[in-house]
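Working notes, beginning with the structure itself.
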Amino acid sequence: MKYLFIVLLSAAIISVAGASPIVTYTNAAEKLNIGNKASIRIDTNQTYTIHQILSDTPEYVYPEAMPNLGLSSYVYWATFDLVNTSSENLILKFNQPLLNEITLYRTDGKSLSEITYSESEPFLSRKYYYPSYAFDMNANMGDTITYVLRFKSNEPIIFDVDIANQSVIAKEELQQELITGIFIGIIFVMLFYNLFIYFTVLDSSYLAYVCYIICIGLTHITLPGYGFKYIWPNFPAFNDLSVTLFSVFAAVFAIEFLKQFLRTKQHVPRVHKLFSLFEIIFICTLLIYFTGNKLLAFTIIQLITFVLCICIIVTAIKIIYIGYRPAIFFLTAWLILLLSACIFIAKDFDIIPYNFFTIHAMQIGSAVEVILLSFALADKINILKKEKELSQAQAVNALMQNKMILINQNIVLERKVGERTKEIENTNNELYKALAELKKAQTHLLNTEKISSMNPYPTDETNKTIHFIPSVANPLKKDLDDIHDLLNKYSMDTPADTIKKDSIKIDTSQNKNDNASIKAEMELLFNNIENRSVTKVPVTKGLRISYQLDHTDLKRIQVSESINSALTRLDSDIFNSIELVKNFSAMPEIECSSEKLQLALIHILTNAIQAIEEKKGAGDKGLLFIRTFSNNDNVSINIKDNGIGMTDEVKEKIFEPFFTTKAMGKGLGLSTALSIISAHNGTIELNTVCGEGTECIITLPINYVNNTADPSIGLY
């Protein structure tokens, strides 16, 4: 009674003097909320000092149990006088974990003390490890002390301040953590459940929903301060960002889940684009937040969230009218979440009672929403299953129809294929005939080219030799006919008169063709024949060899003799301008076709001479060097010239049929030479330097070995 009298007397004195509101703490077993018991001053310019606050008259006392100060950048000052009638050590706890800064001033009229906490400090720097800020009041029993709270925040502020002893506050904190733990447990169950279904059906809507559940869980951990207490206590900067970050991503994944779950692109394409715009705006608020405009970012988030909720409800109702059943579950879950949010806000404005259900309305609503949406996703699986069965039935029906069409088409196709096959067979027969004729013509052409290339003499010389014979034969035949007629006349048994008469004619004939003229003409013709035959023996012999290659027999020969024979068959005038150097070693005879070897040597020598002729200038003299040597099993012929040489590209192709670097060549000479040497189991090696000359090394075995089944194949 004594203490009660003192309290009443003090209150009367202070109220008369216009002092701060008086708060009396009497029941040590309960907490005392001073939300509507403190005078609150708004410092719009953030210029007030503690001394001004203590000396000025209190400004305003809110009637609500927990005044909602809203969202602003102002600094707030809350003042009250505490009369402690208990013996407990009292603690003041501001149930707002996301304050930027809070300072508690204490004065007993004699001294002034202060304690400050900031969001930039690690969690473990606090004296009491509660998610919300807590201070020792240092009020003894019977003391009347003035307290001033200075605080500000980038988030909406609810002035929810409790005074109690440590045991009461610890009990309350334990209860809050238990409720939050139950909520997180539900979140984890739904998370793993939907994650399991996602990996089972691989539906992207489940993945979006899993991300949404994660963000919702993190948001509800961050708002009451448990994230800062248990997960990132040493990262105060991230704690300041976490609420905005998780809220934005929760909204983005909620929209993404909505678009996929309700199939907005299919049902409401225009609204689908609007939801995509909402996602972009939410992401942009993060950019605004990072630029330092935290208050603006949070204001935009609140505004867009309100508009988004209306759009979601309208869209869900419209899709329900379309006939999409999962939208019913979605709308129910969303309405429950909105209802819980309304209850939570109404509690702050003292519209409804402040109790366990209203305090945890958001957590309860979020848990129910998560569960209902999981049911909705499960129902969607059943719908998809039915749609799949219907689609499969339609596909089977379509396949049966296609099968019948294919059967009919195959019948028609087989008939057309038969007709086409007969046409192709007729065409193939004609093509085979044409191909046979073409091969025959090709063989004739190749034989003609080979014979032409195997003759080392000019074509006009050969033609002169051939045409000379009939040109001489006709005059000889005429002279012989005249002589034959004259002899017949003398040898006939005729009367004397006839002889006498004919003698006149004979005399006349003799006048016309006397014996001297006939003899002179015949001698001239025979001389021409002899001269022509002498000068053209190499031509005739070369042609005989060329045309009789298939009848050449193997025999033992000296390589040097074949080389000399090949040189004599070349034009002797060539060596007037080319110096020929021969260095023949003593070698054993080899087994080969002499005429074919000579032919190969002629082709190689001809190419060497032509290379020299192309290089040498006026007054220059070419050099052709021929050397022979042997080892145990082989003999070698080295033909070296100082001609123009060859490039690497020409060297690679020089032995290919029909390849030539000359304007009038046919490209068969060296190809024929290689064929002949190869037929004798020999090799040809070329060493050449472009612009300096070429060295050709021919290697032949001393003893010929026929490696083919037919002994004649390699020689023709």
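Cβ atoms here come from the backbone N, Cα and C positions, even for glycine.
Curation plays no part in TrEMBL annotations; they are all automatic predictions.
These come from TrEMBL:
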- 383-444: coiled coil (COILED)
- 506-704: domain 'Histidine kinase' (DOMAIN)
- 1-19: signal peptide (SIGNAL)
- 178-199: transmembrane segment (TRANSMEM)
- 206-223: transmembrane segment (TRANSMEM)
- 243-262: transmembrane segment (TRANSMEM)
- 274-290: transmembrane segment (TRANSMEM)
- 296-321: transmembrane segment (TRANSMEM)
- 328-346: transmembrane segment (TRANSMEM)
- 352-378: transmembrane segment (TRANSMEM)
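Ranked by number of Cβ pairs under 8 Å to the transmembrane segment (328-346), the listed stretches 178-199, 206-223, 274-290, 296-321 are led by 296-321.
Confidence in the domain 'Histidine kinase' (506-704), given as mean pLDDT, stands at 76.
Cβ atoms under 8 Å from those of the transmembrane segment (274-290) belong to residues 241, 244-245, 248, 251-252, 255-256, 258-259, 264, 296-298, 300-301, 304, 308, 311 of the same chain, restricted to positions at least 6 beyond its ends. Here the transmembrane segment (206-223) touches the transmembrane segment (352-378). Their Cβ atoms form 3 or more pairs under 8 Å, with each pair 6 or more residues apart.
Under 8 Å from some Cβ of the transmembrane segment (243-262) lie the Cβ atoms of residues 98, 155, 204-205, 208-209, 211-212, 215-216, 218-219, 222-223, 272, 275-276, 278-279, 282-283, 285-286, 289, 294, 297-298, 301, 304-305, 308, 312, 315-316, 319, 324, 326-327, 330, 373, 376-377, 380, all in the same chain and six or more residues away from its ends.
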